[in-house]
Amino acid sequence: MKMDSVDIIRQETKRFAEPPDQAISKPAAISRRHDLDALRAIAMLLGIALHGALAYMPLPDAAWAVHDRTQSQLFSVFTSIVHGFRMPLFFVISGFFTAMLWRKRGLRSLLNHRLKRIGVPLLLGLFTLVPLVWVVSIAAGIRSSDLVGDSPNRFWTAVRRADIDTIDEQLALGASINGWEHKSGETPLAHAAKIGNNVLITHLLQQDADTNVRNRDGSSPLHLAVLFRHAESVRLLIEHDADTHALNRLGETPADMLSVSPTRLRLIASIGGAEVDPFVDKSEVSMALGIPDTSLDSQSNLVGATSPTDGNTMILLPLFPFFHHLWFLWFLCWFVAAFVVYAIIAKAIPFQSVSGLIISPWRYAWLIPLTILPQSMMGVLYPNFGPDTSAGILPMPQVLFYYAIFFFFGALYYDSDDDEGRLGNRWRMTLPFALVIVFPIGYEMAVGGFGLTDPELLDSGWVRPAAVVLQVVFVWLMTFGLMGMLRSLYSVESRTMRYVSDSAYWFYLMHLPLIIFFQSLVQNWPIPGVMKFTLACMFTGILLLASYQWLVRYTPIGTLLNGPRSRPTSRSTNAA
C-alpha cells in the first residue's frame, strides 16, 4: 500500500512537470513581465524609505529603536501610505511569479526552487541577520534614550519624570497643559493617568488640566486609568468631572476598558510604556466608576488571572518578533505549501473561464468583501493604517489570511492571460482617487489626529467600520493602479530596473540593520529631520548597492539568492 501511494505521488509530479499547454489549455506562454520586475524594485526601495522614516515620526518606544528629536506628522502620513499597499503588492507579485514558475517548470521544480531561494536564506538569516538586527536595535535604543535628556522639549521630559518644578517652569514659558506629546499622542493628564501617578494627576488638575481632553487616538485620561486598573486615579478624575460616558474612536466607554483581557492588557502596557499590577482587583476599579461588579469572584477579577484560552505562550507566539523582518519569507513558505493544493485544483478547473472575475472591474465585488474579513480583526492593539505585522513563529491567522488573498490573486492573475493589460488600465483615475480621496479619509478614521472623528462631530459607531472598508479599498486601488502604471511605463525591459530588481532580495535582507545604524548615527546632528532621513536612506542605499555589485552579484551569495550569473567579459562589454 505504501508503494502505491509513492507511485501515485510520482505520477502526479510527472503530470505537474508537463509543459503549460498540456497542464491547462492556455493561449500562449506569458513572457517575463518586465513591468512587474520594475514594480518589485520600486516597492523594495520604498521599504528602505519606510523604515528610514520611522525614526522621525511619533511612535511608542517599543515600536522602533531610534526616536529622533526632529519628528513630523508628515512622516506618519508617508509611512501609512506606503505601508497601506507595499507588502500586499509584494505578495501579488510573488503569487504571479510562483504561478509562472510552476507553469513553465512544473511543481517539483517550483518546490526545489523555493526551498533554495526562500528556505535556505530564511534559515541562515535566523542565525545571522536577526541577531544582528537585535544587537543594532538595542545599541541604538540605548543611545536614543541617552539623548532624551538633551531634547529641547523639556516639558515632556519633565512630565515623563514627574518633575513638578520643571513642569511648572515650562508651563510658565508657554507649554500646553492639554497638548499632545508628539510621540505618544497623549496629554500630560492622560500620561499621568496611564501610569497611575496620583501626585502628578493632582498637580496637573491644579494647573487647570482638562479631564475630558482626548488623546490622538480618541481616548480620555479616564479611559487609560480604567484600562490600567488605577482605581484611585479613576476616583480622582471623576471627582474633577471626568465624563464616565465618554466615547473613544471605537465607540468604547471607560467602563468598556474593564473587559480587556489580562494578556491583551499586558501587551498594550508593553507597547505604551506602562506597568500593570497583576494583583489589582478589577472590582475596585468598577466600584470607583460606580459600577459594582458582582458577576465575577475576586480571584477571576485579578489582572494576573489567566485561563487556558488566554495564556501568554499562545498569544506571544504570533507577536514575539522571532523572524523580525524575515517574516515575509516565512509567510511565503506557508503560501508555497498551500500552492500545492492550488496546483491540484488548477489542473481540474480551466481558469480562463473565471478570468473575467480577475481582470474586469467585477473583481472589486468579491475582493473587497473578502479582504474586509481579516482587515476587521487588525489594528486592535495599536491603531494604524494598513495591515498588522506578524513576525512570530506562529503567524496571526488574520494576517496570514489577509496576505494569502493577495498571493493567490497574483497566481490567479497569471492564469488569466492578461496580454492586453486590462488590469489597472484606469490607473490615471484610480491612483489619484486612492491618494487624494480614499487615503485621507481612511487615515483619519483609522489613526485620527485631525479632529474629524470627534464623537461630537461623527457617530463613533461608524468610525471603525469606515476605517476598515477604506483601508481595503485603498490597498486594492493602489495595487492595481501601480500595476497598470508600471505596465504602461516599462512594457519593455529596462536594464537599470532589471538590475535594481535583481538586487532587491539583497537590499531586503540587509537594509534593516543598516538603516537603524545610520538613523542612530545622525540622530544628534543639528539638521532638519528631512535631511537626516535623506542621509540615512542614501548611506544605506549606497552601501547596499556597492556590496551587491562587489560582494554578492557574481558570488555564491548571489547564486543562493538569484541563481548563477556570469560576469560580463570585456569583449561583451565592448560589443554592448
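Note: Cβ is positioned from N, Cα and C throughout, glycine not excepted.
Caution: TrEMBL annotation is automatic and unverified by curators.
For the domain 'Acyltransferase 3' (34-136), the mean pLDDT of the prediction comes to 92. As annotated by TrEMBL, domain 'Acyltransferase 3' applies to 34-136 (among others).
Using a Cβ-Cβ cut-off under 8 Å and counting only residues 6 or more beyond its ends in the same chain, the transmembrane segment (38-57) has close neighbours at 63-64, 66-68, 70-73, 75-76, 78-79, 82-83, 86, 89-90, 93, 482-483, 486, 489-490, 494, 497-498, 500-501, 503-504, 507-508, 511-512, 515-516, 519, 523, 529-530, 532-533, 536-537, 540-541. Under the heading transmembrane segment, TrEMBL lists 38-57 (among others).
The transmembrane segment annotation in TrEMBL covers 77-102 (among others).
For 122-142 (among others), the entry in TrEMBL reads transmembrane segment.
Per TrEMBL, repeat 'ANK' is recorded for 184-216 (among others).
Marked as repeat 'ANK' by TrEMBL: 217-249 (among others).
Taken from TrEMBL, the feature domain 'Acyltransferase 3' applies to 308-540 (among others).
Sequence annotations record features per position, and here TrEMBL assigns transmembrane segment to 322-344 (among others).
Marked as transmembrane segment by TrEMBL: 394-414 (among others). Sequence-remote contacts of a segment are chain residues at least 6 beyond its ends whose Cβ falls under 8 Å from one of its Cβ atoms, and for the transmembrane segment (394-414) they are 30, 87-89, 91-100, 103, 317-319, 327, 330-332, 334-335, 338-339, 342, 351, 354, 358-359, 367, 370-371, 373-375, 377-378, 387-388, 423, 479.
If you look up TrEMBL, you'll see 426-443 (among others) marked as transmembrane segment. Proximity of distant same-chain residues to the transmembrane segment (426-443), defined by a Cβ-Cβ separation under 8 Å and at least 6 residues beyond the stretch ends, is recorded for 77, 80-81, 84, 385, 466-467, 470-471, 473-474, 477-478, 480-485, 488.
The transmembrane segment annotation in TrEMBL covers 463-483 (among others). Remote same-chain residues near the transmembrane segment (463-483) are listed as 35-36, 39, 42, 84-85, 88-89, 92, 249-251, 364, 367-368, 371-372, 375-376, 379, 385-386, 406, 423-424, 426-427, 430-431, 433-435, 438-439, 441-442, 445-446, 453 (criterion: CB distance under 8 Å, separation of at least six residues from the stretch ends).
Residues or ranges marked as transmembrane segment in TrEMBL: 504-521 (among others).
What TrEMBL lists as transmembrane segment is 533-552 (among others).
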Using a Cβ cut-off under 8 Å, which residues of the same chain at least 6 positions beyond either end of the transmembrane segment (322-344) come close to it? 12, 16, 87, 90-91, 94-95, 98, 102, 107, 110-111, 114, 118-119, 121-122, 125-126, 129-130, 133-134, 389-393, 395, 400, 403-404, 407-408, 411, 508-509, 512
Long-range CB partners for the transmembrane segment (533-552) (under 8 A, at least six residues beyond its ends), listed in sequence order, are 45, 48-49, 52-53, 55-56, 75, 503, 506-507, 510-511, 514-515, 518-519, 521-522, 558, 561
DSSP says what for the repeat 'ANK' (217-249): how many helix, strand, coil residues? 16 helix, 0 strand, 17 coil
